Amino acid sequence: MGCYTSKPEVDKFAPHRGYAAITADDDTTYRYVTVSAYSNQIQITTTPPKLDSLASPVTAPPNPKPSPTAQNVKTVQKTQKTILEKPYEDIKKLYTFGKELSRGKFGITYFCTENSTGQNYACRSILKRKLVSKADKEDIKREIQILQHFSGQPNIVKFKGAYEDSLSIHLVLEHCAYGELFDTINAHPHGYSERVVASLCRCIVNVVHTCHCMGVMHRDLNPENFLFSTKDKALTLKAVDFRFSVFIEEGKIYNDMVGSGCYVAPEVLLRSYGKEIDIWSAGIILYILLSGGPPFSPGTDKGLLNAVLEGELDLLSEPWPSISDSAKDLVKKMLTPDPKKRITSKQVLEHTWMRDGGEASDKPIDISVLSRMKQFRAINTFTKLGLKVMAENLAEEVKGLKETFENMDTDSSGTITYEELKTGLAQIGSELSEAEENQLMKAADVDGKGSIDYLEFISATMHRYRLERDENIHKAFQYFDKDSSGHITREELETALTKHGISDEAKIKEIVTEVYTDNDGKINYDEFCAMMRSGMPHQGPLF
């Protein structure tokens, strides 16, 4: 019989403050004891799977903590009408805000300095008016819980606190100031070796292992979610975004569409998946680091799925002949289409190529890989900008759908019935037949309860097929093609990048140069369509 106890760090948002103890009656059965500071009640539950430890001496195993799932977290009674269930705070009395670091569809991330200590942080400010549904608000609270849950874990961004005022929710995080994974790799003038890639991938897979051991599925692993917090690159690569992460419910098959572009696992597209999707995404990152581009990137979900399930993983063309057999073996095991046969995070970390001091070569990878990666990164940036323009064009239509859903949900239950759906579709001018409406309801009602919630409604009516419509792509093309010449010129792309928040002139020049590498300095409509369809997002709702 063993026992582990810990005192959770007191934070600005903590729905289960108190002491937590884990007791093990034998090797496989654990029990959690949670004392609620709000109710003075004690709750005892069993955990999901046994925690594994890492074989690699370099990567520390995660500290075992209970996942604050529905089974072991006490419900907190609301004391006021705030999302975080605590009084408003004026964050500008606590922090001095500096430059904008990044901008997303929900909010903006700023550089900030804590007034009392002078310590630098990053603050992601999320506009509350964009958190329309109950699910939106629960997503934010879950993200905060997950960040707290990972407190002190290696290769995961440190969470400082969460604050709320009348307009926004603010998440204050460790400031990782030294760039994204691919940007930093691309800055190497003379390339890098397999050993460097193995070191970076150990950090990434350690995040996956930490997540899975602590009952979390990340669901959106991609290079942009990893930043360097210091110049000591390999030791300080950190995962910074957990917006799509969830606490794993034992036995549940997940079916909501999540993930980013070419990093999405095939079972996500089949709408039946579990935590194995994180290994697939990490495997895609490894493939790109070794070869300079993704293995599968057709322009639609169906094309991507067919390429994965029917096509063979290309480990023969350049530069793969010069990559070690051990590295290729690991790539194949991580990118096995059948999730039941896919390697686990623990097995990845124990692989002979991945281990510190293992078989990864220190011979520089062909410099052409770096060139391909720069072009892949640049085109990906351009594609995301195009998708953002398309999404902005649809903003008013989505706003109307939100209002329609709220009007139909007369009892504020957060769900609508089939009859209510029919009424709502009629209100927005739908020309679907009754059979098509039935099909839509069945597709949206993934849990078979006979009703659909807000996210299901938006996903069913505004999912990515709307973005793929020619008129929406054409509107985005016209946005770039300012002179209506039928081509997007280098100058027009530079102007668009600047307008959308990319202020680094050198970075703009690099993106433009790489995007136009394979053409005559112009992008026509067909080329633009192919780029946009290759990068269509896989998240369900757009807003």
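Note that the numbers count up from 1, one per residue, in the order the chain is shown.
Glycine residues also receive a Cβ, built from the backbone N, Cα and C atoms like all the rest.
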Stated TrEMBL location of coiled coil, expressed as one of 55-102, 391-438: 391-438
DSSP helix/strand/coil residue counts for the domain 'EF-hand' (468-503): 22 helix, 3 strand, 11 coil
Model confidence over the coiled coil (391-438) (mean pLDDT, whole number): 69
